Each structure stands twice: as structure tokens, then as C-alpha cells.
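K.L.:
Quick one: this structure, given as C-alpha cells, is what I'll be asking you about.
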Amino acid sequence: MSVLLKGVLVYGEEPATDVLIDDGQIASIGPDLDPGDAEVVEGHGQILLPGFVDLHTHLREPGREDTETIATGSAAAALGGYTAVFAMANTSPVADSVVITDHVWRRGQEVGLVDVHPVGAITVGLGGTQLAEMATMAAGVGKVRMFSDDGKCVDDPLIMRRALEYSSSLGVLIAQHAEEPRLTVNAIAHEGPTAARLGLAGWPRAAEESIVARDALLARDAGASVHICHASTAGTVELLKWARGQGISITAEVTPHHLLLDDSRLETYDAINKVNPPLREASDVDALRRGLADGTVDCVATDHAPHAEQDKCCEFAQAKPGMLGLETALAIVVQTMVEPGLLDWRGVARVMSERPAQIVGLSDQGRPIEVGETANLVLVDPCASWTVVGKKLASISDNTPFESMTFSAKVTTTLLRGRITARDGVTRSKVGD
Ligand SMILES: NC(=O)N[C@@H](CC(=O)O)C(=O)O
Ligand SMILES: [Zn+2]
Ligand SMILES: [Zn+2]
């Protein structure tokens, strides 16, 4: 099966060229290539990038298939331009054993829209007290390469230290949900003037930053790497800079929502804006954008967190935190980073594909667009002008805070190992949903 992408801008760079994909690989790049019997995709000057890699997504299978499944989450990922996603371990049951992590990998391959890499739990049941069998999960079919208790912080410093020590000998990555729980008891919104005025209990920046600082030091002493999930404050950006300066192996991601939204959204008390970590202040948003532009923050990760309507359309304090992200991520990165001149398209490739693939050690993702490379690719129309409608997204849930917003950039085609997985809003899975 072959595909000819006609008239595309590789990394957004002129001149437009053709890219022929055959047998899962990029076979040739040049003007006016002969399509032969290939499926032709008219590029019309659209931008060709390496397929996106999401280090942080919640697919809710097993346990909450009423809100998302591996099939529906994979469809959302393919439509969003992703060729690999990492499915977090806070499922029910928790992905703290090889039975679950292998199931997630196998089911993802069966659906065939995106490589679904299982994230293993660091501690049994996300309980924070006993290390899970990381080595067994790493040795399984699903080859777990990233471990996280995301949703919960590994707050016990001794457990975190042991996990980091263990991770460096296994060659896997520990990803931390940085939230000192003693500082966020009952907290539901960013601690600042807005939460004070609205009477919402505050989640201080220090709850995140104190764990980032602590874990940087623990990683240093363990000779390990640590990855910070959903960085949300200006102080975290400063700490990352400091730690890198010390030679500490620390990486971090930022979510599209923390790049676009701030806590002024809370005025309506609409729990669609409730997320963990909370939407911060405009000055944090600015620092995160600058940190992503200069490489202090390595990459964008969605923290795609589907929730049922009854868990979002309720009193703010009762609502579950989290928002959808896979289908809107690229559009938001373009609006917040490319349009203001903070990143060019090569930069988008870096933060959406290359860095995440490197951080987690995926050798077939985030690769250069060159002849002989695996064809994990995405085609982006920078001038699509489309409006987000939650009910029309591929996710089962529709908890998007971007409802009714209009964006310019849209993913039009995604290819996984040379096979089209999404084209013009339609997915092509190996099996039905
Ligand atoms: N981000 C969220 O607000 N929620 C996530 C958990 C998490 O990422 O911490 C979820 O699983 O719903
Ligand atoms: Zn988290
Ligand atoms: Zn998460």
C-alpha cells in the first residue's frame, strides 16, 4: 500500500514538494513524483510534520469505558495528528501489573490507529506506599518505559527515591504529578485573587514547585531522570532552568490548556474549567509559553482527561478535574506559540514529536522527514478555520473547555507506519469501534 502526498511543505518550508510513501517508509521526496497506484493526498501547500507523540493521556480503559475506550481515544488521537500516545495508569483496576499494561498495548495495536503505550503505576494501586513490579511490566509485550502515579503525587520522598533508583537500573522514566498533598487539601482552584474573590479553596503554586525542587534533587542523587507532568507555574519554569544548570536530568511537559487559559475562566463557576493542576494566572501562562519556546519546558502533552457529563456538569467542588485535549492540541499550540512568533513549524515538530519521543526513548517516532525513515507523519492545514464542538469530537466524553472557539490550524491527515489513520475528519481503524 502506498500513499503520495502532493504539494506539501516539509516542516512548513518552501518549496512545496511531493512525498511518496511505500511499504511503511518514506520512499522518495521531490517534485512531480509519479503516483503509480498510490492513494493521492492533495497537499495544497499544507505542512508536513512528524507524527505527534503524547506523553500524557487518559484513555479510561479498563474501568470507565462509559467515558473513553482505547478505541475512541485512539480515534481522537489519530484525528489530532498523534502516532503514539502514553496511556496513564489511573484506570480501574490500576495499571500496576503486566496483565493490564499488556492489555492496553495489545488493544491499541488491534485498533491500529495509534501506538498506545501503557504507562505503569509506580506504586501498587496508586497507593503511594509500595513499589509496583516495574521490571515485570517493562519486560511484558507492552514494554512499559514510563511509570507514573499521575492523578496522585508520589509524595513520600523515600518511595520516590527508591522509584528513581530502580528506574535508572531498568532504563525507564519516572513521571511525577507534582502536587504536595498537604498543601492542596480540599483545593479546587489556583490560589490567588480570583479564587479568593470567588470563594474557592486555593491550590498554591508552592504545592507544585516544592515537589519539582525535591524531585530534581532526588533524581540528582539517584543518577536518574525525572519527568514533570503538566508544569503549570512560572516558578516551575525557573526551577527547571536551575536544575538543568546543575546538570540534573529533568524534563517537563506543558498542556495546551495551560498555554491558552488562565484562572479568569473561573468567573462562571463552570466546572468545565476545573483541572489538576488548576488554570493559573496570565503571568504563569506567559512564562510557560516562553519556557516552551526556549526549550526549558521540553514538550506539549495533552493530559487528555475525559469525564462523564454527571461528573463535570455539577457543583464546582464536586466535579472531577480534567479536560479533553487530543483533538485540539495542535490548534492551540499554533495559536499560542506559532501565531505570536514564539515557535516556527520546526519548533512545533520539536515540542509535539521529537522531544517527547526522545524523552521516553521511542526510536521510531519523532524522526526526521527523510527518505528511508518510518512514515509516521501528520499533515496540517494552517488556514482551516474550524470551530470546536464537543459533541462532534471522537471522544465519548465532551468535556472540552474550548467549546465554540475557532482556531486556524487543523490536522487533515495522519499516517502511522505509512497507513492513513485519519483523513479529513474520518478515521480508518483496523477494526470497528
Ligand atoms: N488532570 C486532571 O485534572 N485529571 C486527570 C488526572 C491528572 O492528570 O492528574 C484525570 O485522570 O482525570
Ligand atoms: Zn496529573
Ligand atoms: Zn493526567
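Placed from the backbone N, Cα and C atoms, the Cβ positions cover glycine too.
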K.L.:
From D298, D303, D311, grab the residue that TrEMBL records in the same Zn(2+) 1 site as H56, H58, D150.
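P.N.:
The one candidate that TrEMBL places in that Zn(2+) 1 site: D303.
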K.L.:
Looking at Zn(2+) 2 binding as recorded in TrEMBL, which candidate out of H117, H177 goes with D150, H230?
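P.N.:
Checking H117, H177 against TrEMBL: the Zn(2+) 2 site match is H177.
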K.L.:
Consider the recorded positions D150, H177, H230, D303 and say which one has the Cα lying nearest the Cα of L59 (substrate binding site).
P.N.:
D303
K.L.:
Would you mind reading off the Cα separation of H56 (Zn(2+) 1 binding site) from G322 (substrate binding site), to the nearest angstrom?
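P.N.:
Per the Cα atoms, H56 (Zn(2+) 1 binding site) and G322 (substrate binding site) stand 12 Å apart.
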K.L.:
Let me know the largest Cα to Cα distance in Å among the substrate-binding residues H58, L59, R60, N90, N276, H307, P321, G322, as an integer.
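P.N.:
In whole numbers, the farthest two Cα atoms are 17 Å apart.
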K.L.:
Looking at Cβ-Cβ distances, which residues of the chain lie under 8 angstroms from N276 (substrate binding site) while being 6 or more apart from it?
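P.N.:
Result: G151, H177, E179, W203, H230, P321, G322.
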K.L.:
Do any of the binding-site residues L59, R60, N90, N276, H307 touch ligand 3, in the sense that the CB is under 6 Å from one of its atoms?
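P.N.:
Not one meets the Cβ criterion.
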